[in-house]
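Residues or ranges marked as phosphate binding site by TrEMBL: 41, 85, 86, 87, 88. The annotation substrate binding site is assigned in TrEMBL to 164, 166. Taken from TrEMBL, the feature domain 'Nucleoside phosphorylase' covers 2-211.
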């Protein structure tokens, strides 16, 4: 019924343990095996109605996992599945520890699209995400009232250093002032956080008819 995906295998295993406790399915000394132990591409755990899957870092890694996950859900005849990506990101104009619920994934030029070259041709796909699910998650956050939560756009970049305006990479050919101006433009366009997976995640959820957030 629910699939939660995130970058790190160890984090997704810890998430599985947490969800088991929240659902009242945990038992003393219980361990949750990696049901994809035969591959190094990602780890997968299951507890109750929840799959917890790691996807590594960046668009190529999560794309591979999503193709294989969506095929798995199809052949298992799963329906009304909700996929939620959870993970760390760099916030813009937010206090540390805030949670961003993504409205749209945008590229590094702030356009809500995912571009991919297929058979030598550039294909552009929508990166809108489920609005109703965003509202439901925001209501959950208000009820819990444990951390600052906002709905905003998430910028998906192709790189961790230059692509996100960092100054501490091996190569940096721009100034701190140029970086801050770019981040201001991002904020003014509605971007509230930056990561490296959301665009292909949104595009593939849209194409496959899966509810994603």
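Yeah, the Cβs are placed from backbone N, Cα and C, and that goes for glycine too.
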To the nearest whole angstrom, what is the C-alpha distance linking residue 166 (substrate binding site) and residue 86 (phosphate binding site)? 23
Simplified to three states, DSSP reports residue 86 (phosphate binding site) as coil
Tell me the Cα distance separating residue 164 (substrate binding site) from residue 85 (phosphate binding site), rounded to the nearest angstrom. 20
About how far apart, in whole Å, are the alpha carbons (Cα) of residue 88 (phosphate binding site) and residue 164 (substrate binding site)? 14
Close in space but at least six residues away in sequence, with Cβ under 8 Å from that of residue 41 (phosphate binding site), the same-chain residues are 56, 61, 64, 65
Between residue 87 (phosphate binding site) and residue 164 (substrate binding site), find the distance joining the two CA atoms and give it rounded to the nearest Å. 17
Quick one: Cα separation, residue 164 (substrate binding site) versus residue 86 (phosphate binding site), in Å? 19
Find, among the binding-site residues listed as 85, 166, the one whose Cβ has the highest number of other Cβ atoms within 10 Å in the structure shown. 85
